[in-house]
Amino acid sequence: MSIRPDTPLLDQVKTPADLRAFKRGDLSALAEELRQEMISAVSVTGGHFGAGLGVVELTVALHYVFNTPQDKLIWDVGHQAYPHKIITGRREEIRTIRQQGGLSPFTKRSESEYDPFGAGHSSTSISAALGMAVASKMSDRPDKAIAVIGDGAMSAGMAYEAMNNAEQAGNRLVVILNDNDMSIAPAVGAMSAYLAKILSSHQFLSLRDIGKKLISKLPRSLANTARRAEEYARGIATGGTLFDELGFYYVGPIDGHNMDHMLPILENVRDAQDGPILVHVVTEKGRGHPFEEPHGEKYHAVPKFDLVTKERQKSKPAAPSYTEVFADELIKQAGKDEKILAITAAMPSGTGLDKFEKAFPDRTFDVGIAEQHAVTFAAGLATDGYKPFVAIYSTFLQRAYDQIVHDVAIQNLPVRFAIDRAGLVGADGPTHAGSFDVTYLASLPNMVVMAAADEADLKHMIATAASIDDKPSAVRYPRGAGVGCELPDEGTVLEIGKGRIIRKGSKVAILSLGARLQEALKAADDLESRGLSVTVADARFAKPIDDALIRDLAVSHDLLLSIEEGSIGGFGAHVLDYLADDGILDGPLKVRTLKLPDTFQDHGNPDDMYAAAGLDAAGIVAAILKALGKNDVGQSASA
Ligand SMILES: Cc1ncc(C[n+]2csc(CCOP(=O)(O)OP(=O)(O)O)c2C)c(N)n1
Ligand SMILES: CC(=O)[C@@H](O)[C@H](O)COP(=O)(O)O
Ligand SMILES: [Mg+2]
């Protein structure tokens, strides 16, 4: 049941300008209404939850103190921006978030002038803010750029590359480090430990010391705040941090749920005349969530739920997910081969490596949000005979492309890439769609690229990757449940570069790569009912492609149609290359390549999106009939 909370204060806020008219004393109550509004909205839509709940007060404080949208507020990743969207004119639309045609789950420039930078992938905010700050400095405008970055996102190299250059921005750059001691999973690594140390160590000065220190060190206006330091529950420490060494003026830690602590500090930061400032804010991820039981991931993301019963909508998958099948097979393989290791970049549950870690804690590495490092780390392990599986979502692997080319492929190191979320992912939209991996991987010499058509084949492909010791390999598989096929106890090693015929016909050949195979088979049924004899083949490999299979199909059918869940330049392009170079295209054969349209795929339901892209059974049938000039052949069996 959806309930709209009573929100008399929030009702007065259409934009941040309304918020700025509030008395300071009312802001905490306003923030609580905002939290309840967000809970109510997410109960209807599902979506990212814990991060937004944790920054409700911070969101109100930042919009209250800074002059958005002239001052640019940049949320790293953007998954925590639900409260921000609600108070920046998108309160009603928030209930459409992640649905086709609705609001984006992340910040998006085209959605609002209050979203100065689009996101989805992490750790971009400081670079973007620095660019904006330098632009405003060069244009002689006073506008600030404020990057809000989480402690998890602070593990990525890009954040440090940006901080290393931050001085260029002068006082126009503000970084808010939102420290909730969580990534999706608990935060990992030395940086996380360092932040914890700042919170608990000697740098956490006595209140009186802080006052003295601040007065001597801070810009004048900040010093005034410091005189009131004894009001702060947590106190603040300055100086001597890594951030100071990087050219920031470090202020913190401050309690990110306490307006009385945050407002004076942020006002002074806003008015400071010196260089860039980093404010270390401590928050609680998932604060105020309505559920009774605690959650290890602090409710990072939730499905729709009933606000009264708190019951979360559980879909009952008919088959195990590809992710689970991958984890089970890797555990099987690792049980036989102690050299097998598993690496995740901050996605242990998403990639199934949390399960692997339970079986092999010493052979599992969560490196934090650090995809580039994950890949080169794996390359290093591979030089010494270890067999690393880097389990990464297709979209996040994009960040490590040079590492794949330079550190892995050129050196021909046997790193195994387990590429989850390949193809359309649905609600997360264009930043998270796994559209490009075949295009960017199959163009690399030395790389073996496999795509699983079903979960049984995924097991075979993981077994195959485990056996490839002389070159890099990749297996791609989609988000969500498998097709429900029978699963072997253990995968069997496949012959490299060999596809398989699933169904034999004579007129039309459908050559499928990956999980569109079921749709290809449905299309074949439909076409047969129209009197067209159809062969369906599963290519299995995008690289090396099965030349012999393609040639056989090409010479024995009138039409060869390839289909894949990926962008242009992928499998279809490789098939065309082969056909052209082999001279087969010089003959009577008709060829069509079905792939995703050459646009970024927005968020929505993947089935609808594949249908719109012509990649479902009906789309395949239509493409084939059109190619054969037979739009009027027979009736669909399913019609
Ligand atoms: C490059 C990249 N890798 C992985 C992810 C997946 N991801 C989204 S949010 C998140 C955790 C971010 O932690 P933090 O920055 O601390 O934000 P919090 O959720 O704690 O507010 C991760 C790993 C991503 N968005 N981008
Ligand atoms: C914000 C982010 O990048 C992740 O939280 C992502 O939304 C997870 O996607 P899955 O639900 O596919 O694991
Ligand atoms: Mg965090």
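Keep in mind that glycine also has a Cβ here, set from the backbone N, Cα and C atoms.
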Listed in TrEMBL for the thiamine diphosphate site shared with HIS79, GLY120, HIS121, SER122, GLY152, ALA153, HIS289, GLU371, one of ASN180, ASN258, ASN268, ASN412: ASN180
Close in space, distant in sequence - HIS79 (thiamine diphosphate binding site), Cβ under 8 Å, 6 or more apart: HIS48, ALA51, GLY52, PRO105, PHE106, ALA301
Among the binding-site residues ASP151, GLU371, which residue has the fewest other Cβ atoms within 10 Å of its own Cβ? ASP151
Closest of HIS121, ASN180, GLU371 to ASP151 (Mg(2+) binding site), Cα positions, binding-site residues only: ASN180
Within the domain 'Transketolase-like pyrimidine-binding' (320-485) only, compute the mean pLDDT. 98
Run through the Cβ atoms and count how many others sit within 10 Å of the one on HIS121 (thiamine diphosphate binding site). 21
Candidates near ligand 3 among the binding-site residues HIS79, ASP151, GLY152, ASN180, GLU371, judged by a Cβ under 6 angstroms: ASP151, GLY152, ASN180
For a quick check of understanding: given the listed thiamine diphosphate-binding residues HIS79, GLY120, HIS121, SER122, GLY152, ALA153, ASN180, HIS289, GLU371, what is the maximum Cα-Cα distance in angstrom, as an integer? 30
